[in-house]
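Some notes on the structure that comes next.
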Amino acid sequence: MAPKNFVKHLRLHAVEISGEAVGTFLFLLMALSAAQVANSDTSHAGDDIHPGDINLTQLLYISLAFGFSLAVNVSIFARVSGGLFNPAVTLGMILVGKLTWIKGIFLTGGQILGGVVASAVVKGIFPGTYVVQTKLGHDATVAQGLLIETFLTMQLMLAIYFMAVEKHEGNALAALVIGFALFVAELPGIYYTGGSLNPARTFGPDLITLDFGAAHWIYWVGPFLGATLAAVFYKFIKFLQAEAAENSDDTERQPLLS
């Protein structure tokens, strides 16, 4: 590669990594700030609601904050770095060939950095007990927590595939739909696992507090499994669509329901 092209590629990668770091920082800064406010009158850590109770207002407030913060920041950073903000989403993009492994690793580093800085800022600027860690709660077992994180992340990843990766007239609504996908996933997730769906979201607060619980690993494995399942399903659908196109005289495929 010519030196001029090398410098150009280096600058481009620096922009993308910076975009992921700053975008993840802003996404989690807004979301974790809302979680801190909502949980400020509780004595336990996490996005969990009071044990034994379902505080629907609190749950809805946190879910909306995460969903809208993601939608806003995806809109801002989509053209800068892709607006991934999540190592699991980065893996999902790698698995469908939208990112190389090397690039994905660097973007993941930016996301982790952004999550750590956001967590530190929230801890530093808000008074009171730090209450934004994700923990298993309300009698959820490790296995249940793992499955919850897996399937909720799968939902988020599928929204990204079909609204952002696929090219169609609905792409203009991609950021909003992706934000809503996180919102609906947070509604059940917060109560039992804290609704992470994102290793960067969990790792940051745990690092800042130096409190890595025994179940910390599920917040990595669950989202990565969810992204992998979504990638398998997406590639399966693309395979079926390609087969249908080859075997049909009608080049314009129609959906089953019209």
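The first residue you see is number 1, and the count goes up from there.
From the backbone N, Cα and C atoms, a Cβ is placed for every residue, glycine too.
Lifted from TrEMBL, the feature list:
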- 21-39: transmembrane segment (TRANSMEM)
- 59-80: transmembrane segment (TRANSMEM)
- 101-122: transmembrane segment (TRANSMEM)
- 142-165: transmembrane segment (TRANSMEM)
- 172-194: transmembrane segment (TRANSMEM)
- 214-234: transmembrane segment (TRANSMEM)
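Touching of the transmembrane segment (172-194) and the transmembrane segment (21-39) is ruled out by the presence of fewer than three CB pairs under 8 A, sequence neighbours closer than 6 excluded. Residues 78, 88-89, 92-93, 96, 98, 136, 171, 173-174, 177-178, 180-182, 184-186, 188-189, 192-193, 195-198, 214-215, 218-219, 221-223, 225-227, 229-231, 233-234 of the same chain lie 6+ residues outside the transmembrane segment (142-165) yet bring a C-beta within less than 8 angstroms of a C-beta in it.
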